[in-house]
Amino acid sequence: MRSFAPWLVSLLGASAVVAAADTESDVISLDQDTFESFMNEHGLVLAEFFAPWCGHCKALAPKYEEAATELKAKNIPLVKVDCTAEEDLCRSQGVEGYPTLKIFRGVDSSKPYQGARQTESIVSYMIKQSLPAVSSVNEENLEEIKTMDKIVVIGYIPSDDQETYQAFEKYAESQRDNYLFAATDDAAIAKSEGVEQPSIVLYKDFDEKKAVYDGEIEQEAIHSWVKSASTPLVGEIGPETYSGYIGAGVPLAYIFAETKEEREKYTEDFKPIAQKHKGAINIATIDAKMFGAHAGNLNLDSQKFPAFAIQDPAKNAKYPYDQAKELNADEVEKFIQDVLDGKVEPSIKSEPVPESQEGPVTVVVAHSYKDLVIDNDKDVLLEFYAPWCGHCKALAPKYDELAALYADHPDLAAKVTIAKIDATANDVPDPITGFPTLRLYPAGAKDSPIEYSGSRTVEDLANFVKENGKHNVDALNVASEETQEGGDVTEAAPSATEAETPAATDDEKAEHDEL
């Protein structure tokens, strides 16, 4: 399972550390003997903790190497540690998955790397880490700073306006991982940029190249503006940008197209629409050859392109555009407006509702979710699973056994439901980040489900339902009493949990398969 998780001395000549460097590689290999001294001699280091067999590590390797080469010129070293050879070192650094990327400012000061795992993102992120939260601007470095990153925010603030500067500096501190910030109190520089003091200007390498803030100097207002101004009118969805779009707080419109030429044409066609609805929805193209499978997640035919769909992450809602229609910008704009106005019902992917329930575990589909999980006065434990998930398959017999504890007793079944839903074949209201995910929806508090993270034994799951459900049903006690009543006095049979449920092993604990 993956987990995610200046002032530098030159790498050449200045370091007394002997670090094993791979041939013709700018990524430096460290071990137990070299790690501490290297970190203490370098003011800023990005470290990758990896395993040679790890697929994600192999995918990252060439990008990490390219970033190391580019950052070497800026005296920002990138290092790596093989955790299969350095188990103690990796354990001491809290490594729980591969690859783990950490930023070090000395051996005792580290934090997780939070950027994308792409060359450009690694370089941009680490450059921002090497600079102060707010860099100083003068006539000589203005143009260099304006183009130092894809997004640069500069405050033109007079020296006597400390209130505005302090608000700007505070915001910069909170967002230094995401944007590059600078400031100047020179009125002449502000004038040369066509702005009056105080002003905040966002420079970018796309669209209109710069935007000037005209709102209140307040953290939330500034942040909302920066997020909006830094988003292209029509961008491109990929590994580097996806999380930003999903976390933007507004719906996202996807334009699936197979060729670069098509995507460029749609970009131009949709720019006026994006400008009209800026701040209400983001619009972006996506390479259908590389990421066409994602169309299926939006309830589109993933074999038919071009295609268009809107996703509202806040509502977990999807609005696919009719693929039988031509993808005409003017017609699609009407669809966008109708979605924003609430005139379009979201598309819900669902398996057929079972005609009858077979077995102790209740099968839930999207169209029965509300009735079986939400609109009732029962404590409902729901497993979100995927058919291909190994951990889900391992859980299945124990989950059946758990469900039988309740289903075999009408008085318990009236208060507790043990259920499952195939989250790959049915749309579910809340995001699922791994399989299996187990959530308890207590009676009277369905809007506050409780996610289970303990060992997946029958006993522990039953106790979880008892302790967190409204009805506090103790199914284990009922089962134990029945066993004792039906067994021989001198040689009582062990309970179901004693006979069939071994102590949890490491593999039985709350592992998840990646989505």
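Our numbering is plain: 1 for the first residue shown, then up by one each step along the chain.
Glycine is no exception: its Cβ is also placed from the backbone N, Cα and C atoms.
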Suppose you had to name the range Swiss-Prot annotates as motif 'Prevents secretion from ER'; which of 240-243, 428-431, 444-447, 512-515 would you pick? 512-515
Could you say whether, by DSSP, C389 (disulfide bond) belongs to a helix, a strand or a coil region? coil
Can you tell me how the residues of the domain 'Thioredoxin 1' (21-132) break down into helix, strand and coil by DSSP? 43 helix, 23 strand, 46 coil
Counting only residues 6+ apart in the same chain, whose Cβ is under 8 Å from the Cβ of C54 (disulfide bond)? Y98, P99
